[in-house]
Amino acid sequence: MLQSTNLRAEYGALVAVNDVDIRIETGEFATIVGPSGCGKTTLLRMLAGHQAPTDGRIELDGVDITDAEPQNRPTSLVFQSWALFPHMTVRENIEFPMRNSGLEVGDRVEELLRQVRLDPEIHADKQATELSGGQKQRVALARSLAYEPDILLLDEPLASLDYVLRKRLQRELADLNEELGMTFIYVTHSLESALLMSDKLFVLENGNIIQTGSPEDIYRAPNTKFIAEFMGDANTFELDGATERDGSYEVHAAPFDQTTTVPYEDGRDTPAYLVVRYDDTAVGTELTADLGLTVAVENVLVRGNTVLVECKQPGDDDEYVAEMPVDAFRATGIEKGDTAYLQWNASKSILVPE
Amino acid sequence: MSTRTLSFGGRSSGWIWYGYVTLVALFLMIPLVSLVIASFYDGRFFSIVDYQFTLGWYNAALSSGSIRRAFTNTLFISVPVTVLSTIIGTAAALAYTRYEFPYRESFKLIALLPIFFPLILLGLGMSMWASQIGLGYGLVPSIIGELVWISPIVMFVVSITALGIDPNTEEAARDLGADTLTLYRRVLFPLVADGVVSGAIFAFVLSWNNYYIVSYLSGPQSTITTWIHGRMTQGFTPVVPAVASLIFYVSILLVVGAIVIEYRKDDTGE
């Protein structure tokens with residue numbers, strides 16, 4: 001188990017990581033997710049030992065590793081730039097950590113390459129500079145695994161790869177985590193990576209962990225408007241009335257006429273926003289769902305098998321979006337410029353505090 | 001190193017371009033070429049109309065004791081300067097490019113300053129100091145003096161290579177269990193090696209050709225450049241072009257060597 005207590009990083013007056021407590025069980029795939037500049041990379045670098053914390057402790061299985069040098073702690077970091085040694089072959093890159101820690105080389109290089117889905121016959125003796133982006137990423141992963149770390153740290157290593165390759169490698173990383181039983185800590189600003197691979201999410205904003213939980217929990221019950229919007233494209237309505245009633249809240253917002261009752265977890269601040277995701281929202285000529293508002297359709301964007309319908313209320317700048325299957329949208333007969341109902345069912349509403 | 005180059009357009013503009021380049025090249029090469037031609041000319045005063053070839057001046061140069069001594073002295077300065085300035089310059093380049101420390105930019109400016117200082121003034125200053133601190137004049141003061149000027153140049157050359165290395169390289173090596181020795185021996189030095197070789201070649205050529213610093217600091221010891229200068233003040237003799245050409249051959253050999261290294265690197269796909 002990896003645990004940080006009051007972990008803090010300051011750059012002069014700037015607090016990059018603000019007294020962060022995290023707890024990651026052995027074998028877990030944990031993801032630290034947040035927008036650029038939220039302190040996630042600083043946090044990861046402190047876990048790897050490349051940056052000394054201003055304050056706080058890091059413990060691995062009860063042992064304090066706060067001040068251990070990177071070469072003396074059982075973590076290995078896969079860099080965003082991969083940082084392969086360009087003057088070495090693939091084999092030499094992978095043997096490097098093994099030789100440093102006195103591990104038996106034997107057939108390990110071939111074994112590791114197969115583990116990251118590279119054919120050793122073809123790739124082992126290539127120069128590191130001859131590889132494509134995806135191959136470099138795989139070799140960087142194999143090289144880190146060759147170190148046999150207890151914890152593998154990954155700093156957005158998929159960010160610069162194309163969409164298809166990224167998808168495939170995300171799956172492979174999740175499989176590898178399961179196969180090896182090794183703890184993976186992944187840092188990303190990308191929601192799709194976070195949701196797809198992780199057992200546990202830490203959402204970081206301005207150096208603070210603002211929510212921890214499984215991807216599903218956070219997706220269903222975001223703690224703040226920021227997380228709700230960050231976790232998925234969503235329409236947000238500022239509430240102008242919220243009354244508690246048996247563990248639920250009766251709420252109202254100016255753009256729609258109806259009031260609605262939405263369940264809300266106890267012990268949180270009074271809800272301030274109602275959030276509904278684009279793909280839970282539809283447009284129609286009639287109001288058939290529980291909640292809705294009259295809008296003018298401003299734009300229709302086809303995105304593969306769904307359409308994004310961009311709408312506005314007259315005299316209001318806020319834009320609302322409904323994401324619907326193409327066929328369902330065609331069936332409504334609505335076109336750009338028409339007036340329609342933007343609507344959704346009450347159960348799809350999510351309340352979040354300020 | 002794959003750099004994309006612009007190609008110069010149509011046929012006529014192409015000819016103008018090549019013609020221009022040829023003229024510039026000729027303009028730059030004529031003094032050197034005429035020196036070499038003069039060094040093979042059999043006669044006291046050089047004339048292109050009635051040219052007669054001889055190796056006599058080279059023979060005279062190589063058999064003269066004072067010229068041989070000047071060559072040996074120059075080597076006694078150049079070799080240590082090459083070794084020491086390569087070490088100092090490489091260390092400074094690695095410090096500047098691969099480490100974070102306070103006043104890093106000021107360090108670079110101050111370290112590189114001697115390059116931009118007029119050599120004749122640098123030499124004068126050094127000469128004043130050499131007597132003040134009791135260092136005196138001779139080969140050792142010349143070595144020290146040249147180090148002041150050449151080490152920054154090596155630093156500059158090595159920095160160009162070192163800046164091209166992925167900034168995460170050291171951290172990756174540490175992360176994979178490398179101690180400081182392994183980091184330098186297996187990762188950092190191999191990666192800057194090309195820059196270090198270029199820097200060393202630069203250092204040797206600059207030291208080999210140096211006049212101003214040694215003219216102030218070498219005292220009674222003459223080097224090739226001070227010998228040429230001294231000889232010229234006594235009036236021209238055809239041995240001078242031969243000696244000058246000898247310096248030039250050594251330099252050109254090293255430059256060609258550097259180019260060969262560069263090309264070989266390109267061939268291996270780096």
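We number each residue from 1, going along the chain as drawn.
From the backbone N, Cα and C atoms, a Cβ is placed for every residue, glycine too.
Unlike curated entries, TrEMBL annotations are predicted automatically.
The transmembrane segment annotation in TrEMBL covers B:15-41, B:77-97, B:109-131, B:143-166, B:187-208, B:239-261. The domain 'ABC transmembrane type-1' annotation in TrEMBL covers B:71-260.
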Stretch among B:77-97, B:109-131, B:143-166, B:187-208, B:239-261 sharing the most Cβ pairs under 8 Å with the transmembrane segment (B:15-41): B:239-261
Intrachain residues whose Cβ lies under 8 Å of the transmembrane segment (B:77-97), provided they are six or more past its termini: 104, 107-108, 111, 139, 142-143, 146-147, 150-159, 162-163, 165, 188, 192, 195-196, 199-200, 203-204, 207-208, 214, 218, 223
Chain residues in Cβ proximity to the transmembrane segment (B:187-208) (below 8 Å; excluding those fewer than six residues from its ends, i.e. six or more beyond): 74, 77-79, 81-82, 85-86, 89-90, 93-94, 98, 146, 149-150, 153-155, 157-162, 165, 169-170, 173, 178, 247, 250-251, 254-255, 257-258, 261-262, 265
Outside the transmembrane segment (B:239-261), six or more residues from its ends: residues with CB under 8 Å to it: 32, 35-36, 38-39, 41, 57-58, 60-61, 64, 67, 71, 194, 197-198, 201, 204-205, 208-209, 224-225, 227-228, 231-232
Within-chain partners of the transmembrane segment (B:109-131) [C-beta distance under 8 Å, separation at least 6 from its ends]: 92, 96, 137, 141, 145, 148-149, 152-153, 155-156, 212-213, 215-217
